[in-house]
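Enquirer: The domain 'K Homology' feature in TrEMBL is assigned to 67-135, 212-280, 281-347, 354-422, 426-498, 571-641, 646-715, 719-788, 792-879, 880-946, 958-1033, 1037-1102 (among others). If you look up TrEMBL, you'll see 1115-1136, 1151-1179 marked as region 'Disordered'. Marked as compositional bias 'Polar residues' by TrEMBL: 1119-1132. Here TrEMBL flags 1160-1179 as compositional bias 'Low complexity'.
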């Protein structure tokens, strides 16, 4: 990247800006970016991640790190939608591929100018692609033909045969409005030549029919019209095909019975005959049968009626309970036969069966009590009296219960039901409101508590609502004691409400420890005094709210005590401000970010608390120091005012079934509207009662624009049309297989259109497509395209060596999935499990034919044209191998640590790299992969070899070694304290400095024991040597002076952890050494500084010796007085227990090292005092 956006920034700032941009891009695109600056000043970036994310990152990098240019081009307005593509996908793909930003004017603007922003290379590519799309669109044409609706059947032909023939022949699209849409035009679109030829043929048919067609009007009973239409209009298509006559029938809601036949005079007679035949092909017959007999005629699971209609397949039988009749519909001969059989069956049932029925009216609200839990009560009655009892469903809202069966059983069951209904009506029912959160407490563990309550009120039925309904209503039912049970449960609820009153008290986190107190003393005292439960948030939690639970008065008292403790620690004030509750969520922000940032502006000294969403309160609490609270209040009110201005709201009405069309696939359509206008668009939720209201929020101007766009879309989508297309029945199974997966994909792609295929067993090939007009035609074309693929489907064979199958398939099937998706084909590889097991007998080979499966054979199924293309694509995936010569010594560098290097090369170029074993000493590396990728891999490998060669050369240059002779006594000074000096030399000159090992006996005896090795670039090694020799020269000019200092003073000179002696060495710039077990101290350094340091040390010795002498006298005196005091305090009247000659009775000089040898150094065995150690006892 040479034309860098930050190249002209100040020194150091460019790198910082570039790094920040790269970090932002990595977060946005979930990629990893490695950045480096080349010697020529250009910027090199390596982006790794998923392919689609890498493209996004690449585009962002070019946009933000490379200097941008822009151009404007003119493209016709009607070509803009094609450049955008469906939901803008084509434009997004073009922007990613060219790393540019393409701005297309909005639909309402009449501008034809497109602006392209990006790098020069990207702009040229994008411009070329857009121009190509525009040129292709310029070749297309669209014609609207003003043809009356009455002639549309002749233009489309029977079952759309003529229209489909034109579509197939000229490759155009023909839109003929369906019968339900009254529109006098036909639209033809496609390439100009094809459109012109199609229009010519359609107009020829239209003109010919307009000249020759006549009409005949006949009156046919309205009930017979449906037989003329046939299932899904199939009969009308048959008439058109057979007689070339179109039949026009009045709408279903019209009272007219006039049927119009239109066609050439010679054909009208034949058409009229067919129409009358179809109208009279079906008759309706009725059989009188009481409703209670219907179930016997139908039989168990419809067995009887199925047996009746099995021999009469064209007969339809319907049972009408309200009219006590059976309606038969079908051809005359079959309908009459079915009527006769049913009448005979009804007569037999009435004469032979000794059955009766009765009806009882009981209020529907008692039906559930009659049924009982799980139907126990009603089943008991049925079994007891051997009758069938039919209770209406809740949706029927009927009070009539029907009893059927043996007359005696019916009579007894009726009597018992009447008594049960009477008893239920005399019972009292009352509802008590108990908060749902208390239901579990009242029921108790395993229902123990509610069982006790029911035992206290045995005749009262207590019913709790289902937990999922979240209802507070508990129903009580019983003959008496209902009121007492109600009062008991009401009091129980009131007590729990009173004891579970809850207050949230916000307290600054730093004062929680004060509220808890030492060992929890404060919080325990408050709990005991107020009889409340006080819950504090965890220490690691950001929550500052303390929750108090108990009676209301007690909770308020506890809050007062807690606030008092807080006031003792800081002067906290509290202020309430009124803010519209609708703005609360906006002020809080996503996950509380906005309000948290506002509190952080005041160093966490301010708390802002909003009321709960269910409370509806507009009071917002601000707490903290008075000055900060005032500032926070002003800032909060200002933000609220801004939010209020930006929260203009407007509502639109749209049918719920159209919402998915507005939203689009994956929300693409509505997202585009949001992005264009900046308004927020909210659709009703699944649990909302109003399903048609769409809410638009934002700034007023943005809301108005969004509403206008949505209204236009709604208006166009309300024009729902239904068209038909013919698809051969043999293909129907493909569309409805896998639970209609293909149809679901078509619905998702074309705005949720509904595609209806004929039922199984129906001989129709007509498919209906229903949806918005702009989507239906696209779905129809898609269906035609799929059918064309199915009709031209072939299976071809492709031979690929089995060893390459895994490579052709690719990682996780990626390669073959791309082929199948691109060419819409199916690819089948031979199974690997073809070898027979040992237990199986091999198949007998007959007539010399071997039954083995060819494992190299790949089967490709699909459209005949695309199968050849798919085979070429598969063969292109077959890998080839090539060898490249690479010196053996570089192989280990190519492999890398744990194979990382060679794995990265294989992943980058999608090839397999085989490196020979080390024992072969071969110079050849084999690369295997797809031919198109092989050359790139070879170039990448050679590039890696060049890098390794450069690194090898650099490694040799960095291995230059210099040896410097330095006396051993100077090594420690060159190394410095904790290696500080030598580390600085190593870092500054980029070299490695090695000192001889002091513990190595061989080196200690060697004449080279003072040698220091310096390893690095020659120039750097020489500069490091000069630095070392400079230190050596300085050290050589130093002198060493020994002074005699009493060992008793050494500890004081050294100080705690050597601090005192370090300070002396730093102040005078010398090195001081104490000789163990001697009174000698050696000072090394420049002459002047050594003399000054020696004088200073001698002065210190004199002071310390005086202190030591005074301390010895004091100790000796204190010891004598203590011994005298012990003797004078002995009692005189009784001889005590006496210990004689103990060490503490003796007068001992503790400073005498001969008597206390362990306090000094080891005894020398002579009369002279032992030498004190360098680190001795402190005084």
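Including glycine, each Cβ sits where the backbone N, Cα and C put it.
Automatic, uncurated: that is what TrEMBL annotation is.
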Enquirer: Using DSSP, how many residues in the domain 'K Homology' (426-498) fall into helix, strand and coil?
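Expert: Once the DSSP states are binned, the domain 'K Homology' (426-498) shows 41 helix, 15 strand, 17 coil.
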Enquirer: Kindly state the mean pLDDT of the domain 'K Homology' (67-135) in the predicted structure.
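Expert: Taking every residue of the domain 'K Homology' (67-135) together, the mean pLDDT is 84.
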Enquirer: For the domain 'K Homology' (212-280), name the stretch out of 67-135, 571-641, 646-715, 719-788 with the most CB-CB pairs under 8 Å.
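Expert: Per the Cβ under 8 Å count, 719-788.
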Enquirer: Summarise the domain 'K Homology' (880-946) by DSSP state, stating how many residues are helix, strand and coil.
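Expert: Counts, helix then strand then coil: 40 helix, 15 strand, 12 coil.
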Enquirer: DSSP-wise, what's the residue breakdown of the domain 'K Homology' (646-715) into helix, strand and coil?
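Expert: Taking the domain 'K Homology' (646-715) as a whole: 37 helix, 15 strand, 18 coil.
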Enquirer: May I have the DSSP-based helix, strand and coil counts for the residues of the domain 'K Homology' (354-422)?
Expert: 37 helix, 16 strand, 16 coil
